[in-house]
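Now, the feature entries from Swiss-Prot:
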- His8, His10, Glu74, Asp193: Zn(2+) 1 binding site (BINDING)
- His16, His41, His195: Zn(2+) 2 binding site (BINDING)
- Glu74, His102, His132: Zn(2+) 3 binding site (BINDING)
Amino acid sequence: MKFLVDVHAHTIASTHAYSTVHDYLAVAKEKGIKLFAITDHGPDMADAPHFWHFVNMRVLPRIVDGIGVLRGIEANIKNENGDIDFFGSYLNELDIVLAGFHEPVFQPSTQTTHTQALVNCIESGNVDIISHPGNPAYPIDIKRVAEVAATHNVALEINNSSFLTSRKGSLKNCTAIARAVKEAGGYLVLGSDSHVAFSLGGFDKAIELIQEVDFPIERILNHSPKALLEFLTSRGHKGMDEYAEIV
């Protein structure tokens, strides 16, 4: 099983990451990756890029040397209301919006608080994908979140980095999330959460998990460029036709 689309990658604009857009393009070419998203951390993170970084992503070509580049963000969920740190008409200019919990912005609290924050964030309509929802530092009502996400056409991420260097102890939660999303009829997406270009498209542990739960591949959004682009179009994102040559 091979996935040639990655929705979650950070550049040196997030200064705890170590690669440029050019670095990612080189690795994508080497690995045969067809489409990937640049999703630097939202501006409320201490070392995140300025708000204008995201506004100016319009200068990025959507296709470079046959590789699609999505203009995105991994926004920070700020509070129980589900607010994120990027807003207004600027959201509509991005191709893909991830959002998740990060300790410097939203300190871990109770399961009830975390669950309500995710539900409100999903229901806001501002977010396409919830990033690393299996983080054990932020326990949630998995069944409820999966059902709300399915109802509102929002995907939950199985984050490969959570099984390697970050968010230790995520496997049990992520397995439960995959089972709950399968039951609810919703979507998953696999993300490398790459902070260095070498790990772009690295999904080995996430693939093991989805195989274990027998998750239907047609409901894993990055199983093909077409599937992800059709999902983003259904979410109201414009410009997806510009990627026609890679579909």
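Here the Cβ of each residue, glycine as well, is placed from N, Cα and C on the backbone.
Structure with Swiss-Prot features highlighted.
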residue : record                : contacts (Cβ under 8 Å, 6+ apart)
His8    : Zn(2+) 1 binding site : Ala37, Thr39, Glu74, Leu98, Ser131, Glu157, Asn159, Gly191, Ser192, Asp193, Ser194
His10   : Zn(2+) 1 binding site : His16, Ala17, Ile38, Thr39, Asp40, His41, Glu74, Asp193, Ser194, His195
His102  : Zn(2+) 3 binding site : His41, Met45, Asn76
### Task
Using all protein chains in view, find how many other C-beta atoms are within 10 Å of the C-beta of Asp193 (Zn(2+) 1 binding site).
27
### Task
Identify all same-chain residues not among His8, His10, Glu74, Asp193 whose C-beta atom falls within 8 angstroms of the centroid of the Zn(2+) 1 site's C-beta atoms; report them in sequence order.
Ala9, Thr39, Asp40, His41, Leu98, Ser131, Ser161, Gly191, Ser192, Ser194, His195
#### Entry: Extra residues within 8 Å (Cβ to Cβ centroid of Glu74, His102, His132), Zn(2+) 3
His41, Asn76, Leu98, Ala99, Gly100, Phe101, Ser131, Asp193
### Query
Ranked by the number of other Cβ atoms within 10 Å of their own Cβ, which of the binding-site residues His16, His41, His195 ranks first?
His41
### Query
Within 8 Å of the Cβ centre of His16, His41, His195, which other residues of the chain have their Cβ, at the recorded Zn(2+) 2 site?
His10, Ser14, Thr15, Ala17, Asp40, Met45, Asp47
